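Trainee: Summarising the annotation, TrEMBL assigns ATP binding site to 4, 5, 6, 7, 8, 9, 10, 11. The coiled coil annotation in TrEMBL covers 278-328, 369-446. Under the heading domain 'Kinesin motor', TrEMBL lists 1-262. Here TrEMBL flags 495-537, 536-579 as repeat 'ARM'.
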C-alpha cells in the first residue's frame, strides 16, 4: 500500500507500466512478473481484479458499468471478498499489462495546484493465486487405482491459496493548497475521510485497543484482513522535498511509524479442493455406471439365452412325449382291433359247429375262455407298460424344470425362482378372484331371492333396477378370459356403496383388505367423499384403525382417512369421532414407513384447519406428528414437515387476528430443534415446508427470542438470501425487517441483509 500527500509519487511507485523504460516499472508490474516466473501454468491459476474506491463506492475498472460492488466478510474466517467484481485469468505478462492500461483509462483523475494528474480515487489490484500442495495428488491417484477402496476412503487434494492486494491510495490534500472547488472539493472530502478512518484503525491496532473502527469506511473494511490480520503487510510512504509541505511530511512519517507497530499473525491458508474431488468422483461414478450397465446387459442377454434354451428343451420334450403317446395309442388300438377280430372269427366258427358235438364244444369254449383271459392279461400288461412309459416321460419333463437338480447352473436356478415367484403371484391373484367370486355370488343370491319374493308378491311384476346387478355375474368371467378387472367406479355403481362398506366387517381378512382398498380408492375422488361419509364409511374406517391388527388394513384405512381429511367438513367429523387419538395411537405403534406416511398425511391435513388447533394439540396430534420423525424415511418426513408448516401458518393467522397470545405450541412441544436441523434438508419437499414453517413462526414477535436461542435466526438469514423460491425468500426478508428483536440481534452481530 502506498500512502502520502498528493503529488509525491504513489501512482508512479505502484502503477507505472514502464513501456519505454523497463527500469521505471511500478510494483504492480514487477510483482506480477515475479509471480508468473514462479508458478506452473498447468497446475496453478492466477486471477486478477482491478477496482477503485471513489466517493465511498467500489467500482470495477475493468467493467465501468459495474459501479456498485458489495463487500462480503466471512463470519468464520474473517476473509474479505468482493463477489461482484470482474475476475480475469492471467496467463502471461502482456495480458496483465493490457488490463492495467484498461483500468488506468477508467480511473478518476483531475488537475489541481499540487498535481496535474491527481488521482481522485483509491486504486485496488487484487491478485488471487491457487496452487495444489505437492504430494497430495499422488496419494489421491494411488487410491483411485485400487477398485477395492470405497468412495469414503477418497481424500480431496489440498489447495494452498494466496491473495496479493496492491492499493494505490489517493493523496491527502489541504483544500487551501490544492485549490479544489465544487465537485473536486467533495472528492477531496471523501478522500480525507477515508484516510482519516484508516489512520484511526492503525492507531487502534498499534495501541492494542479492544475496538477497531473498521466499519467507519469502506476502505478500512476492505483492508481489514491486511492490517492486524493473517497477512504480511508492506507500506510505502511517499513524501515531498518542499519545506512548504513540512506538516504533511511529518504526518505521513508518523503514520508509517504507527503502522510499523501493528503485529500481524502470518498463516498459511490451505483448504481441500472439493470441486476437483467431485469432478474425479463423477468420472469414476460414470465409469462404474457404464460398467454396471454393460454387465447388466450381458446378464440379461445370458438369462434370455438360458430361457430360450430351457423353452426349447421343454418344447422338444413335449413334442417327443406327444409323439410317443400317439404311437403307443395307435399300437394299442391296432392290437385291440386284432383281438376283437380274432374273437369274432372264433365266435362265428363255434356257431357253425353241430349241436351233437356239444361237449367237445364246451371244452373248446373253456379253452377259448382261458385264451381270452390270457389275451386280456396281456392287454392289461401292455396298457400298464404304456402308462409307465408315459410316467417316465412326465418325470423327464419335470426334471427339466425341477429346481435344484444336479448340473443346473446358478442362472437357471435364478430363472426358476423367478418363474416360481410368478406362479405364487398368480396363485394369490386366483385366491383374490375366488374371494370376489364368493362375494358376487352372495350378492346374486340375495338379488335372486328378492326377485322371487317380488314375483310371488306381485304376480310376476319385477323390481325396477334389480337387473342392474346382472353384470356382476359376468364380472369375473371377464377376469378369467381377458385377465382384466373392472374399474373401481363401475364396481361402486354396480354393487352399491353400502354393500362395499358392509364387507369391511367381514370375518375373512382378505375380504376386508380388498374392501378397504376399494373404499380408499373411492375416497381419493372428491365427488365420492361426501357419499362415503353419509353412508357411515368414516365410522367403519376408524373402527378398522382401532380394532384391526393387520398392518395392511391399518395402512390402507389410514390412507383412506387421509383422503377424507382433505375436506374441511370431514376434518371436524374426524375430530368429533376421536380420529386424532386413534391416529396418534397408530403412529406410536406402527413401524412400517408407508403406514406412518399415511398417518402423517392425515394429521397434516387436520393441521391446516384454524378451528381445530387447540383440540388437535390437546389430543396429542402434534406430539404424534413429531414422534414419527424417528422413521427417518423421506416420505414420512415430508408429511411431518407439511403438517408443521400448516400448523404454523394457522398459528400465524390467529396471532395476526389477535386470537392467540403467547409462544407457539410448536416451540412449547420442542419442534423448533427439529425444524432448524431440517431447514436445509437435501429433499426439496422437506426443505420447502420447513422453510415456510420457520417464516410463519418468526412472524409472531413473542417467538423471536426462542428462535434466536435455538439458532433459527441464521437459517432465516440464509433463506432470505439463498432460497430458490422467490415467495419464501421475500417472506423471510419481510419477517426479519419487521421484527424489532431480530433487527436488534442482527445489529449486535453486524449482519446486513
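Each residue's number is its place along the chain shown, starting with 1.
Keep in mind that glycine also has a Cβ here, set from the backbone N, Cα and C atoms.
Heads up, TrEMBL stuff is auto-annotated, nobody curated it.
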Trainee: Would you count the other C-beta atoms found within 10 angstroms of the C-beta of residue 7 (ATP binding site) for me?
Mentor: 22
Trainee: Among the binding-site residues listed here, 4, 9, which has the most company in the form of other Cβ atoms within 10 Å of its Cβ?
Mentor: 4
Trainee: Using DSSP, how many residues of the repeat 'ARM' (536-579) fall into helix, strand and coil, respectively?
Mentor: 35 helix, 0 strand, 9 coil
Trainee: Within 10 angstroms of the C-beta of residue 10 (ATP binding site), what count of other C-beta atoms is obtained when all protein chains are considered?
Mentor: 25
Trainee: Give the number of CB atoms, excluding that of residue 5 (ATP binding site) itself, located within 10 Å of its CB.
Mentor: 26
Trainee: In the predicted model, what is the mean pLDDT computed over the coiled coil (278-328)?
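Mentor: The predicted confidence over the coiled coil (278-328), as a mean pLDDT, is 90.
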